[in-house]
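Asker: Feature annotation from TrEMBL assigns transmembrane segment to A:12-30, A:36-57, A:77-98, A:104-129, A:141-159, A:179-202, A:214-236, A:266-288, A:300-320, A:332-352.
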Amino acid sequence: MKREPLSFKQTVYLLILFIIGSTIILPVGTEAKQDIWAAVLLAIVMTLPVVLVYARILSLYPERNLLEINEQILGKVVGRFINFLFAFYAFTLCALVLDNFGQFINVTAIPETPLAIPMLILCLLALWATKEGLEVIARSGEVYLPIIVFVATFTFLFLTPNLNINRLQPSLYQNSGGIVSAALHLFSFPFAETVIFTIIIYCTNKTKAMAKVYLAGLLIGGGIILLSVTSVMAVIGPERYQASYFPAYLAVQTINVGDFLQRVEVVVFLIAIFAGFIKISLCFFAACKGLSNALGCKEYRFLTVPLGLLEFLFASNLFNSTKQMAQWASEVYLYFAFPFQVALPMVIWILGEVKRRGRQGSPEVDLHDELR
Amino acid sequence: MKKSICVLFVFWHLFVLWSMTGCWNFREIRDLAIVIGASFDKKDDQIYLTVEVLSPKGGEQEQGATGSLGITPQLFEGSGKTVFEAVRNMISKAGRKLYWSHARVFIVSEDVAKEGIIQIIDWINRDAEVRPQTWILVSKGQAAGDILRTQSKLFDTVSMQIDTLLRNQGNSGKLLGVTVGDFLEEMQKPGVGAVAPIIESVKDGREQIPQVKGSALFKGEKLVGFLDGEETMYLLFLRNQMKKGTLIAVTAQQPKANVSLEIFRSHTTKTVRLVDDRPVVDIWVDCLSGIAEISEENDVISERGSQKLTERTNKELRNKITDTIKKVQNEYGTDVFGFGNLIYRERPDLWETIPKGGWAKVFPTVDTNVNVNIMMRGSAKLSEPTRIGE
């Protein structure tokens, strides 16, 4: 199998883009109301140990991704079954993100265009990128992130006159239930979704310290999310934040610099589509890899076209309405994602540590040959 | 073989480039009826919608007033059981689908506002095309459609005039322009009542022209009362939205002689404290102003005179602000000053003791303590009052 090594920078960029992904447009953490900043901080803190576990799993077995590690630890049959489950999760997540973007574009910009059209275009693009390989996705991430950061910085600067700290008050007053619940949701979407990365990346000489990669990605991505949701909250207030499907869009609508610079909502599309494309591609890539592993194939590329078309069909039939999408995201997703984000990685980690203790004496090389 | 495929590819790309421009619901600009302003009236459970649509005319059109783009507005009326139905019914009259993204003002008649404004606000915020940055106004005593039928003297359309006027509101100090988004937020926030400016059509010479003056007060989604221009000024002070404006002060020595003060900067701080378990709101108005006009020979510039003027003005402004609060508390009972929101933000524990929906009962009993501090800065170009020779 041809290896596709990524540099440290590329991996971190991908992680940041993955975390920004669809989070930036959706109303995340509504339960925390005006204390959303606290919820985001809490969610980042909650995610820290989990990503350290992900990183640890990868560093236990250098040069292997989660799929291969599963096979190694759990044996061929069980390992492949677990890999199939992970592929299913990645596939579903990809469809969800695809659906979010379809709905976003459909609701705010082109209501008369069928929902399927923007989704199909995004899906085909992700399919193509996956067929070209991870390198291509990583390099496009390297191009997109600076653009996103540049545009987002200016958007934020133009938004500052509309920020009103009063909208964030009363802060931290008898709202711990709301904050914790919002933090749990934020934990499952988007922070712990980075479990997908364990399928994509592996520990190499270039990305020696996996923990470092994960921490950098999480903290920078989380920082961007913190800044964005807090400023959106301070611009439109908790009531409108809760009521709207796409609050960032509403907030950016208020930008008006000297009656000259206004109607810049399109920048939200720019950021969302760049980051979203990366997220969709990575999830799709993980789904293809996982499925090919579960089927016992060495190559994943032949799966991209059939799986991509299936993805499109799945995503376009996933929900009947925007409300359904929002409801599923807020009520079901947390429980759906928990096994993949926490339970399974924990089990794999513990088993991995145990096995490692057991094989302390045996040389590394054997392990490599064992798989091939 | 290879070459032919290449050529085919180039042709295919050219074909795609030419044929797939634009989006699904692609519309030429000539197919649009661009709405610049709209008004909502209600009669017999029917919503009557009047829209001002731009109809651009080319160079053949005679030039209008100065600065005019030669655009003539067209008015269309439509009705329906709901706002959306009225909008869609409009197509049968206008012939084209209305395009709402450039709407600048929405005028709601007093009757509609009294019954509840929510259906209009909801549609504006929900529809993808309409922007929540549009101004909202209430027409007092007249049909909202009549406002759009007035004449605009300096502008192409009435809506453009209202839009420019509200954007320049800072210089008048008696206007409180509110966008639909802000209105919605105030309607939803705990402990604050929404406000919208009043618009009337008044006779100016031979023509009827629109005039924006005063503000309409809402309790929840329903209109409950009006404040006139001067009271709106005090409302602006109380909401800390006063930026620049004119303030008239009367001097201590001669009550009849007026001194006009210009406000350069103003800042209002509000805090809440408890006295005998009842909330008391302290209000501090800090205002930087200068003398803009002295109508009689009067010493208000020397240190002593200036001090007297300041004291007098402080007292007067304080009384006027207190009167406005009392009036709103007693007559309308809607918290347009945001005292409730202040308590909610700064003393959430206190806010919880008020039963849900009970703020309307508590608000009229809130005691206020207004402090005004005016700082005088100069007297424009002249150092003395204009003296008259013997």
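Just so it is clear, glycine is given a Cβ too, placed from its N, Cα and C backbone atoms.
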Asker: Residues of the same chain, at least six outside the transmembrane segment (A:36-57), with any C-beta under 8 angstroms of its C-beta?
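Answerer: For the transmembrane segment (A:36-57), the sequence-distant neighbours (Cβ-Cβ under 8 Å, at least 6 residues beyond its ends) are 29, 66, 69, 168, 171-172, 178-180, 182-184, 186-187, 191-192, 194-195, 197-198, 209-211, 213-215, 218-219, 222, 225-226, 229-230, 233, 241, 341-342, 345-346, 348-349, 352.
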Asker: Among A:12-30, A:179-202, A:214-236, A:300-320, which stretch has the most Cβ pairs under 8 Å to the transmembrane segment (A:104-129)?
Answerer: A:300-320
Asker: So are the transmembrane segment (A:141-159) and the transmembrane segment (A:266-288) touching or not, going by 3+ C-beta pairs under 8 A with a sequence gap of 6 or more?
Answerer: yes
Asker: Using a cut-off of under 8 Å between C-beta atoms, tell me which stretch among A:12-30, A:77-98, A:179-202, A:214-236, A:266-288 contacts the transmembrane segment (A:300-320) the most.
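Answerer: Most Cβ pairs under 8 Å with the transmembrane segment (A:300-320) come from A:77-98.
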Asker: Quick one: do the transmembrane segment (A:77-98) and the transmembrane segment (A:214-236) have at least 3 Cβ pairs under 8 Å, skipping pairs fewer than 6 apart in sequence?
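Answerer: Touching, no - the transmembrane segment (A:77-98) and the transmembrane segment (A:214-236) miss the threshold of 3 or more Cβ pairs under 8 Å.
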Asker: For the transmembrane segment (A:12-30), find every same-chain residue at least 6 residues outside the stretch whose CB is under 8 Å from a CB in it, and list them.
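Answerer: The answer is 6, 36, 39-40, 43, 97, 100-101, 104, 137-138, 141-142, 144-145, 148, 182-183, 185-186, 189-191, 193-194, 196-197, 200, 213-214, 216-218, 220-222, 224-225, 228-229, 241-242, 244-249, 268, 271-272, 274-276, 278-279, 282, 326, 329-330.
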Asker: Within the same chain, where does the transmembrane segment (A:214-236) have neighbours whose Cβ lies under 8 angstroms from its own Cβ atoms, ignoring anything closer than 6 residues to its ends? I mean 6 or more beyond.
Answerer: 11-12, 14-20, 23-24, 28-29, 34, 36-37, 40-41, 43-44, 47-48, 51-52, 54-55, 152, 156, 159, 162-165, 167-168, 186, 190-191, 194, 197, 244, 247-248, 250-251, 254
